[in-house]
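Engineer: According to TrEMBL:
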type	residues	note
DOMAIN	132-438	domain 'SAM-dependent MTase RsmB/NOP-type'
BINDING	Asp271, Asp298, Asp314	S-adenosyl-L-methionine binding site
ACT_SITE	Cys370	active site, nucleophile
REGION	563-583	region 'Disordered'
COMPBIAS	574-583	compositional bias 'Basic residues'
REGION	604-675	region 'Disordered'
COMPBIAS	609-635	compositional bias 'Polar residues'
Amino acid sequence: MVTEKPVETMNKNQDKTTGLYKIAAKILKKVKTGSSYKTQLYQAQYPNKLTLNAVLMNVFKWENVIDVLVEKSNLLEKENNMDRDLVYVLITEMMWSKFGLKGTAKNILAVKKYKDEFLQLMKENDLEKLTTSTDTKVLKPRFFRVNTLLTTIEKILEKLSELKFIKLKTPKSYAQFLELIKSDKFKGRNVFVQDIHIKELLIFNSKVKFYEIEEYNNGSLIVQDKASCLAAYLLNPELNSTVLDMCAAPGMKTSHLAAIMQNTGKLYAVDRSKERFYIMQNMLEKYGVQNVETFNMDALTFPYFDDVKYILLDPSCSGSGIVDRVRNDSSGQNQNFQIRLKKLANVHAQLLNHALKSYPNLERLVYSTCSANHEENEAVVDEALSINGKFKLLDCTKMVKGWTNKGAPGYDCSEMCLNAVPSVDCTNGFFISVFVRRDLEDNEVAEEENIEDNEVAEEEEYIEDIEDVKDERVVEDIEVDEEEEVVEEKKEKVFEHNEIVDKKVKIDKKPIISNTDKNVENTSQIKKNKKRKHNEVVKEEKVFEHNEIVDKKVKIDKKPIISNTDKNVENKSQIKKNKKRKHNEVVKEEKVFEHSEIVDKKVKKVKKSSITNTDKNLENKSQIIKNKNTVSTPLVKSKNAKRRERRQKLEKANKSCGLQTKKTKKQKKVKVEET
């Protein structure tokens, strides 16, 4: 009888755990051979990407220590059938994972036997010093870019307010901005701040998770590091322009370019990897990009589009600048990494030179990498500049206000490039350079010079305005003083005029002595005095009016004219016009004054010729009346007249003799004649 061995049923959790380790080992192997870490992570057939990423990050951290442990213990020689990358994953989980190494598979059990030996080796050789420091990870916040193709910044801010997030005020300077991100204020999970350079970028604490909110799932909020956003930000294509993204997958920067272009113009997205290309297509569709044409091909064989004006070149690189996967490969200890680094640098240089030579209407190109290695960054840029003399670099740090980290020293392009340093800028490590065509740049420089000249001219005008304002204030102060003096003078003149009027009133109101026989002689003298005083008052009034006119004329002549500057030409002409107008008014007043004097003289002559019933002409009037009476008397005298004459003669004779005469009255009998 043949007995069959019972089939061992494996626990689902153990199977799942073993699957996680195998997938992590597979990704680790592909990354070492040059594949993109992000692409492999996205394509991995494992649902929980966070757990898978955490396992791999732990392997990268302890990789140098594991090298020593494997070499000292001869584990790979003793266990012939074990995969090296899987051993690295299992050792990491056994020694430094919070949950430990789980499972009952043969490989797992084989590695567990070496735990005590590994702990002894760690103490004897002090191997913890070989770990890759991850302190910068604590300083690195989480960046979320608002996808303006699907929503607006205002709507996202309103949504965050509903979720009880507190928006901190964005500082004015970049240094203060970094201090805020590193301060205790930013440790809370419910606080965030808007980026100082890229307004659609929001920065949160590293512990914030948005995987459950709708805006993250529908593509309105995109997780994208600030350093990665700077590439499209510095390219800054115009609306309705033509842009080429030469190594576009997985599509983060492509979607940012489309947002800057507001879905206008043409956007060509090229990538040669089929897996990455399909991921890019799905992402661009999710993010609402409508002006893009995607091409699954090598950028070196991409047809030459004559209308391409802007190019973004962000090729696949070593990724040594990314904080979450910092490794010691770049130290030069790993020979395979150095070989791969040279290959990557050659590919980068080939792509960059092709882009600068093959597109005749190219105006601006941004070359960027997420690498911290100079071989992929400054060395490639220097080579491209030496071959392509039609292009030059723009100073990136001037384009991003307040940024201080430039390229690595020792290269010609160092001062013109931008480096993002994780420990300083709280982002991933990143390198950016901006190429621009020389002839266009010369025109731009000329325009900038014109703009600067205009700004200088405006500043000079502003300074002149300030000086003019000061002069005007001085003039106003002088005018105020003059006005005060004029007011005082007017008061004095009014006082003098009132005195003159009072004199005139007194003269007019002065009673005239009755024209009796007793005061005949005094009357003539009084009339003369009155006439003389009246003439004096009239002269004083005329002198007073004439002085006022002269004062006006002097003020107009003495009024200060503002300095003859370019800005004050209009003011000067206006002042001259006002001065001329006032002068004409004064001349008119003088003419009116002279004319009034002439009219007064004529009136006097007319009045003098005509006899009026005034005190002055009283004697003439009485004489005229006598003459009239004389003319009107008849030649034949009446009896009464004769009698009166005889009586007067008699009285005169008696007076001369000293006799008195008595007057007797005789009654007259009146006869009534009947008719």
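In case you wondered, yes, glycine gets a Cβ from its N, Cα and C as well.
Just so you know, TrEMBL annotations never went through curation; they're auto-generated.
I'd like to know what surrounds each of these features in this structure.
Structural biologist: Cβ neighbour count for Asp271 (S-adenosyl-L-methionine binding site) (all protein chains, 10 Å cutoff from its Cβ): 27.
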Engineer: Please spell out the DSSP helix, strand and coil residue counts for the compositional bias 'Basic residues' (574-583).
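Structural biologist: Tallying H, G and I as helix, E and B as strand, the rest coil: 10 helix, 0 strand, 0 coil.
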Engineer: Give me the Cα-Cα distance between Asp298 (S-adenosyl-L-methionine binding site) and Cys370 (active site, nucleophile), rounded to a whole Å.
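Structural biologist: Distance (Cα to Cα, whole Å): 20 Å.
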Engineer: Sort out for me which one of Asp298, Asp314 has the most neighbouring CB atoms within 10 A, since those are the binding-site residues we care about.
Structural biologist: Asp314
Engineer: Find the longest CA to CA distance in the recorded S-adenosyl-L-methionine-binding set Asp271, Asp298, Asp314; express it in Å as a whole number.
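Structural biologist: Pairwise Cα check on Asp271, Asp298, Asp314 gives a maximum of 14 Å.
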Engineer: Please report the Cα separation of Asp314 (S-adenosyl-L-methionine binding site) and Cys370 (active site, nucleophile) in Å, rounded to an integer.
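Structural biologist: Rounded to the nearest whole number, the Cα-Cα distance is 8 Å.
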Engineer: Sort out the sequence-distant neighbours of Cys370 (active site, nucleophile) for me: same chain, 6+ apart, CB within less than 8 Å of its CB, listed by position.
Structural biologist: Ala227, Ser228, Cys317, Gly319, Ser320, Gly321, Ile322, Asn428, Gly429, Phe430, Phe431
Engineer: Over the domain 'SAM-dependent MTase RsmB/NOP-type' (132-438), what does the predicted model average in pLDDT?
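Structural biologist: The predicted confidence over the domain 'SAM-dependent MTase RsmB/NOP-type' (132-438), as a mean pLDDT, is 90.
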